[in-house]
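**Student:** Right, I'll just put the structure down here and ask away after.
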Amino acid sequence: MALYWCTEALPLAVTALLPVVLFPMMGIMESGDVCMQYLKDTNMLFLGGLLVAIGVEQWNLHKRIALRVLAIVGVKPALLMMGFMGTTAFLSMWISNTATTAMMVPIAQAVLEQLDSSEAEADQLEVDNGQLNSGYEPDEEPAKSEEAKGRPGNGHVMSIEEGEGLAEQRRQIRKEKYANLSKGMSLSVCYAASIGGTATLTGTTPNLILKGQIDELFPTNGDVVNFATWFGFAFPNMLLMLVLAWFWLQFMFMGFNFKETFGCGGQVSEKDRKARQVIKDELKKLGSMTFAEGGILTVFVLLVVLWFTREPGFMPGWATVLFNKDGKQFVTDGTVAIFMALVLFVIPSKLPSCFCTGGRREGEESQKIKAPKALLDWDTVHQKMPWNILLLLGGGFALAKGSEDSGLSVWLGHELAPLQTIPPAAIAVLLCLLVATFTECSSNVATTTLFLPILASMAQEIELHPLYIMLPCTLCASLAFMLPVATPPNAIVFSYGNLKVVDMAKTGFMLNIIGVLSITLAINTWGRVIFQLDTFPSWANTTRGPP
C-alpha cells in the first residue's frame with residue numbers, strides 16, 4: 001500500500017480498499033472488523049466540516065470575506081501580499097485549501113494586471129510630455145515656440161528616438177518588476193493555503209488522520225486531541241509560520257524598500273486607486289449580503305463556538321455537563337459537525353414569501369406557494385464532496401488496526417528502540433525533516449497514514465509521549481512547498497504559467513526549513529504545556545511484549 005500510494009499506480013482511494021480484501025484472506029482481521037474502520041467518528045467530523053464548507057462556497061461567503069479584507073489592507077505590494085496571505089490562511093482553516101487557492105489566485109492576478117496597466121499608462125504619459133528628461137532646468141526660460149516643435153533648444157524637449165528608448169527601458173523594468181511581483185503573489189497564496197490548513201482540526205486531512213490514529217491506537221486517551229486543544233497549539237504556530245513566510249517572500253521577490261512596498265510617507269497614486277477599484281468592483285458584483293449568506297455565516301460561527309466550548313480543557317465544557325458522563329464520550333466534535341451540517345438542509349435560502357388573502361382578481365387561479373431552496377441541497381454536495389478522502393481515511397485506520405492486531409507495530413517499535421539514546425528533541429527534528437522531505441514526493445494524506453502508526457509504536461517503546469513526535473510530523477506533512485505536484489494549491493498556481501519549477505523549489509526549500517524550525521519551537525514550548533508532553537501518559541503505557 002505504501003508503494004501504491006507513493007507511485008499512485010492505483011488511485012489513492014482504490015489502494016485504501018485493499019485491506020477489505022487482503023486482511024481477511026491473510027487471517028489478520030475478520031471482514032466485519034476491517035469494514036468498521038472505514039466509517040469512524042473522525043470520518044463523521046470530516047464529513048460534517050466539509051458539508052459546512054461546501055455551504056460557504058455555494059453562496060460565495062468566502063469571496064465576500066476575501067474582498068472585504070483586501071479592500072481594507074490596500075494595494076501597496078507588501079500590504080497586498082499580507083492581505084492575500086492572511087485572508088487565504090483564514091479561509092483555508094475552514095474550507096479546503098484547493099478551493100481557497102482556486103478562488104484567490106484569479107483575484108490576485110486581476111489586481112496585479114490593473115497595477116501594471118495603470119503604471120504603463122503613467123509612464124507613457126510622462127514620456128509623451130517630455131517630463132523624464134533629466135536635462136530640464138526649472139530656472140531656465142521657457143522654450144520658444146519653434147524649439148517646442150522639435151528644433152534644437154535648451155535640451156528639455158525630448159526627441160522621438162529618446163522618448164522611444166526611454167519608454168522601452170521603462171517597459172523592461174516594469175515587466176521584470178511585475179513578473180517578480182506576480183511570482184511572489186502566486187506563491188504567497190498557495191503557501192498561505194497550506195499553512196492555514198494546519199491551524200484547525202478540520203483544516204486539512206492529515207490533522208484528522210492524527211485524531212483518528214490517536215483514538216484508534218490509544219482508545220483511553222481521554223479525548224486529548226480535540227478542536228480546542230488542536231487550535232490552542234496549532235494556531236499560534238500558523239501565525240508564526242505565516243509571518244516568517246511573508247518576510248521570506250518579501251526578500252525573494254520584492255526586496256525591503258519599505259517606502260516603496262509599504263507606501264510610507266507617500267500619497268495614493270492613480271494606479272493604486274485603479275487597482276483598489278478592481279477590488280471594489282468585484283465586491284459590488286456580489287451585491288448586498290443575502291439572507292442565505294447571513295444564514296450560512298450564523299451556522300458557521302455557531303459551529304466554531306460549539307467546537308471551542310465542547311471541551312475547552314481549562315473548564316468543563318457543555319458536552320461534559322450535559323452528555324458525557326462516567327468518562328464516556330457520547331458527544332464529540334463529529335457529533336457537533338454533523339448536527340450543524342443537518343441544519344443547513346433545513347434552513348431556507350430565502351425568507352418565505354407572504355401572500356395576502358385578499359385582493360385576488362376575479363377568475364385568477366390561486367398561486368401555488370413554493371418552498372424556497374435550502375441553504376444546502378444534496379445535488380451540490382454530491383458534486384463537490386471529495387468522497388475519495390473518506391475511503392482514504394478509512395484505509396489508513398484499517399492499516400493501523402491491522403498493524404496492531406498482527407503485532408507488526410510492536411515489532412517495529414522494538415526495532416526502533418535504540419533511538420532511546422538520542423535526545424527527544426533531536427528525534428523530533430530528524431523525523432520532521434524526514435516527513436517534510438517525503439511529503440514533497442507523496443500526498444500528505446499518504447505520508448501521515450504511513451508514518452503515524454510507526455511513530456506511535458516507537459514512542460511507546462522508548463516511553464516518549466506519542467504526541468511529542470506524532471503532532472509535529474503531522475504538521476510537517478503539510479509543508480509541501482517545493483514542487484508543483486506536491487499539493488493541489490501548488491499545482492493551481494503553477495498552471496497560470498508565470499512560475500518555473502526552480503522558482504518554487506528555491507523559495508519552498510527555505511520555507512520547509514522555516515516550517516520545521518517553527519514547529520519544533522512550538523512543540524517544545526506551549527505544546528508541552530497544552531498536552532503535558534514532559535510525562536509518558538498512562539493511556540500510552542501498554543504491557544504487551546514482542547510477537
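For all residues, glycine too, the Cβ spot is worked out from N, Cα and C.
As the structure is a computational prediction, the values presented were derived from the model and not from experiment.
According to TrEMBL:
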TRANSMEM  9-29  transmembrane segment
TRANSMEM  44-61  transmembrane segment
TRANSMEM  73-95  transmembrane segment
REGION    128-162  region 'Disordered'
COMPBIAS  141-150  compositional bias 'Basic and acidic residues'
TRANSMEM  227-249  transmembrane segment
TRANSMEM  286-309  transmembrane segment
TRANSMEM  329-347  transmembrane segment
TRANSMEM  422-455  transmembrane segment
TRANSMEM  467-487  transmembrane segment
TRANSMEM  507-526  transmembrane segment
**Student:** Top stretch among 9-29, 286-309, 329-347, 422-455, 507-526 for CB pairs under 8 A with the transmembrane segment (44-61)?
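**Tutor:** So the stretch in question is 329-347.
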**Student:** Find the member of 227-249, 286-309, 329-347, 422-455 that has more C-beta pairs under 8 Å to the transmembrane segment (507-526) than any other listed stretch.
**Tutor:** 227-249
**Student:** List, by number or range, the same-chain residues at least 6 past the transmembrane segment (227-249) whose CB is under 8 A from its CB atoms?
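**Tutor:** Same-chain contacts beyond the ends: 81-82, 85-86, 89, 93, 184, 187-188, 191-192, 195-196, 198-202, 207, 211, 307-313, 317, 333, 471, 475, 507, 510-511, 514-515, 518-519, 521-522, 526-527, 530-531.
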